[in-house]
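Q: The structure's right below; bear with me while I get my questions together.
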C-alpha cells in the first residue's frame, strides 16, 4: 500500500517562541480550535519523532486523537489506495498554537499553512482544523509554563503565602504561574511576586498578588514557635530559619545570658530565645531586649510573645530607632552578652551607635556583636580574603576605629559566616566579633530628639508608602 506523503526526514521543523504556548484560557473547559495533521495511523510514531518541535506536548494530555465521528474529511487531498479507510486508519496529531490568538478558524489555518514546516504541498494538504474539548485539570496546570525560560523551580513559603521573584521573561505568564502554584499546593492561599527592592529600614518590599488573596498569616510555625504577621507590612524570610536556629542554639549554650536584638522584627530570634515552650528554657535563663522601629512589627512581636509564653521578665520589647536602642542599653547599664543586628542592607552602618561605648571597669565585659550584611560571592581563597577584608573595613568605618577588626581578628574573636545564597553574585553574611575596646575612645554619636523624630517620621512614611505598593489587581482581572 502506497501513500502519497513526503519523506518525513525531508520536512523542515519549526520551534515556536514562548508566546506560542497556550494562554491562561487553555485551562478553561472549552472547545478550542487546533491545527492538526491527518496521517496514517501506522506512521504516527514516525511523525511524532520527526515533527517533535511542533507537535502539541503537555503532560497528561494526548497529542494524538482518533478521528471524530460525523466529520467529513473528504476534502483532505491525500489519497488512499487499495481500499484504505481514512476514517479508521488515520489519527489527528495536534500542533502547538502559533501566533493566531483571536483569529477566526479560516485565518488560523491560513496563518499556520504559512509556517515553513507546512510548505510542502503534500504536507499542507494533510492540514485540517480540529475542535478538541480540553477541560481544566489542576494537576497539569503547573506544566503550562514549563517551556518559558527562567520559570522559578522553587519559591519561598511563609504560612499560606508563596513568594516568587519572577524574571522579566516570565512576567507575561505571571498570573498563569500563580494559578499553577496554588493548584499544585492546596495549603497555599495566595501567591505574591516581588516587584521592587527592599529600600526601607522596615525591610518590606513592594509586591503584587498573582493568585489568591489574604496576606495576614494566622499561624506560621518555625522551630516549635508560632508566629502571626502581615506579610505585606513586616519582614519575614522563611529561608533564614536555619540562621535563626543556629544563633539561638549558640546563644543558649551558657546557663544564663542577656541578649539585645536591635532589629527584632516579629521575633524570629527573640521569641525562641525566651519562649517557655523552648527545650532550653529550664536549662538556660535568657533575658532578651527586643526592639523594632516598625510599629506593625512591634505589635506582632508582642502578640507572638504572648502566643509562645514569653514572660515579661524574659522578653522586654521596644519600639525605637536601632541606634537609640543601642544607646539605651549602654546608658541603662544593661550588660548584654550578645547584640543581634539583622538588617542586612545597612546593619554595619548602625555600628556607629557603639562609638564612645562605656565598658564596665570592673568586669571589662565586651558583648559579642552579630551583624548581618550582603557582599559579593567568591570563587577562591584570594577573593574570599579580599571580601572578608572589605566587610570588616565597612564595620570598622562605622565603629570609627581603623584596624580594630582586620588587624585583631583573633583578639576580638572575629568570625565571618555565609548565611545563604541571595543571588548570582551576592551572599548574605553574618559577621560576629567582640566589641573592640578601641571604640571607647571614639567620640560618641549624638542623637538629638528632633533629628530622631524627623528620621523616624521619614521611615514610617516610607513604610506606609511601601505597603501601599501591594498591587490591587483584582482576582477577576488576574483570572481573566
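Glycine is no exception: its Cβ is also placed from the backbone N, Cα and C atoms.
These numbers come from a predicted model, not from an experiment.
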Q: Quick one: which of 223, 244, 390 does Swiss-Prot put in the S-adenosyl-L-methionine site with 292, 293, 321, 322, 342?
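A: So, going by the record in Swiss-Prot, that would be 244.
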Q: Among 292, 321, all listed as binding-site residues, which has the most CB atoms within 10 Å of its CB?
A: 292
Q: Using a 10 Å radius around its CB, how many other CB atoms surround residue 293 (S-adenosyl-L-methionine binding site)?
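A: Total other Cβ atoms inside 10 Å, all chains included: 25.
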Q: Using a 10 Å radius around each Cβ and counting other Cβ atoms from all shown chains, which of the binding-site residues 244, 322, 342 yields the largest count?
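A: Highest number of other Cβ atoms within 10 Å: 342.
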Q: Any idea of the Cα spread of the S-adenosyl-L-methionine site, 244, 292, 293, 321, 322, 342, as a max distance in Å?
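A: Value for the max Cα separation, rounded to a whole number: 22 Å.
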